[in-house]
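Below you'll find the structure, written out as structure tokens, and then a few comments.
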């Protein structure tokens, strides 16, 4: 139980996949203009990350390793992620058509979000991970992504109404804000040693 809590805290705060490992920067910068869109994408991405972590672990342990096909790991994980995203897209379309329309092109683009493939590959590289720990790591990575995305969207909404100098408007102030946010998360660096 303690190990699972440490994995959660590590993936959410200490080794955040967006701010520390720089995975998932495209949706981080692209979808973070409105908090509603950021919440919707973060929920969908967390769902996909959790399912992809589970499925990729099962594919790795019960298909690729026994058949000595580990060199096909990246291709097989991309297929698993594509299927997971299609499933998520169908679920979101059925449960919340408004959210489906708001997310638009960003929902299918979760397939190409490098955080999803990165978590699957990092889980596969950790030999000590079990099915439960891989699933918890995927879920925690999604929570960490969600936390950062929603916080960044809230800051960008406030910056949009602030008096920002013309040379810093747009992407420049976004990058500065992301950098300061990354520095803030560096404060968690000594919290956990795995």
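Glycine is treated like the rest: Cβ placed from N, Cα and C.
On a predicted model such as this, the values are computed, not experimentally measured, just so you know.
What Swiss-Prot says about this protein:
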| type | residues | note |
| --- | --- | --- |
| TRANSMEM | 4-24 | transmembrane segment |
| TRANSMEM | 39-59 | transmembrane segment |
| TRANSMEM | 71-91 | transmembrane segment |
| TRANSMEM | 102-122 | transmembrane segment |
| TRANSMEM | 131-151 | transmembrane segment |
| TRANSMEM | 172-192 | transmembrane segment |
- Note on the structure: If one takes Cβ-Cβ under 8 Å and requires six or more residues beyond its ends, the residues near the transmembrane segment (172-192) are 6, 9-10, 13-14, 16, 19-20, 28-29, 32, 148, 151-152, 155-156, 159, 164
- Task: With a Cβ cut-off under 8 Å, give me the same-chain residues at least six positions beyond the ends of the transmembrane segment (39-59) that come close to it.
- Result: 24, 27, 31, 76-77, 80-81, 83-85, 87-88, 91-92, 99, 102-103, 106-107, 110, 113, 115-116, 119-120, 123-124, 129, 131, 134-135, 137-139, 141-143, 145-146, 149-150, 153
- Beyond the flanks of the transmembrane segment (71-91) by 6 or more, those residues with Cβ under 8 Å of it: 44, 47-48, 51-52, 55-56, 59-60, 63-64, 100, 107-108, 110-111, 116-117, 120-121, 124
- Long-range CB partners for the transmembrane segment (4-24) (under 8 A, at least six residues beyond its ends), listed in sequence order, are 45, 113-115, 118-119, 132-133, 136-137, 139-141, 143-145, 147-149, 178, 181-182, 185-186, 188-189, 191-192, 194
